[in-house]
Amino acid sequence: MSVRDRIEAKLQEAFAPAHLEVVDESDQHIGHAGWREGGETHFRVTIHAAAFAGMSRVARQRAVNAALADELAGPVHALAMKVEPA
Amino acid sequence: MTNAAETIQSDIDSNDVVLFMKGTSSMPQCGFSSRVAGVLNYMGVTYKDVNVLADEEIRQGIKDFSDWPTIPQLYVKGEFVGGCDIITEMTLSGELDQLFTSKGVSFDKDAADKIREANG
């Protein structure tokens, strides 16, 4: 399973989002810090879920970071995200 | 508290706005840090830039301090506001203006409006 697919599966399971988009944009960071051959280092997540209602922006991102702790500790160098209540 | 945490606490206590970043405000070393520094520079906000690349203890220490895994990190009046995505969203929505106003941090409102016009 690709890192992108793992991120998608974990977010799906954790938040049952109404909208979820995970894009591997590692190719846009070739040569930058953290990039490596083969990519799978830089991702962009857009997620809308009712689970985020009433949470501050910081709390929402913390929740996403917690769900992806293994990936962030491992292969993922950068995770840009837009987290909205559904 | 560790030395790193004491240094961080002292920085955010003694400066209204602090940006922990890779590189410096005039020479950012990372696209995400560059974006936030660029917004603050353009809005004419006075802030202290802390280059985490210059100090490995601070680089790890700030992540532990705020329980936030990435750099950059913006603090206003001792309070953690967010990283690159959050600052970008707050700039475009006008929330950053509101935050600076409520905290008594001066900034160029016209410049902030120009950012929104250019990205609207």
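For all residues, glycine too, the Cβ spot is worked out from N, Cα and C.
Copied over from TrEMBL:
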type    : residues : note
DOMAIN  : B:17-81  : domain 'Glutaredoxin'
BINDING : B:Cys30  : [2Fe-2S] cluster binding site
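The number of other CB atoms found within 10 A of the CB of the residue listed as '[2Fe-2S] cluster binding site', across every protein chain shown, is 20.
Residue counts for the domain 'Glutaredoxin' (B:17-81) by DSSP state, with H, G and I taken as helix and E and B as strand, are 26 helix, 18 strand, 21 coil. Over the domain 'Glutaredoxin' (B:17-81) the predicted model carries a mean pLDDT of 96.
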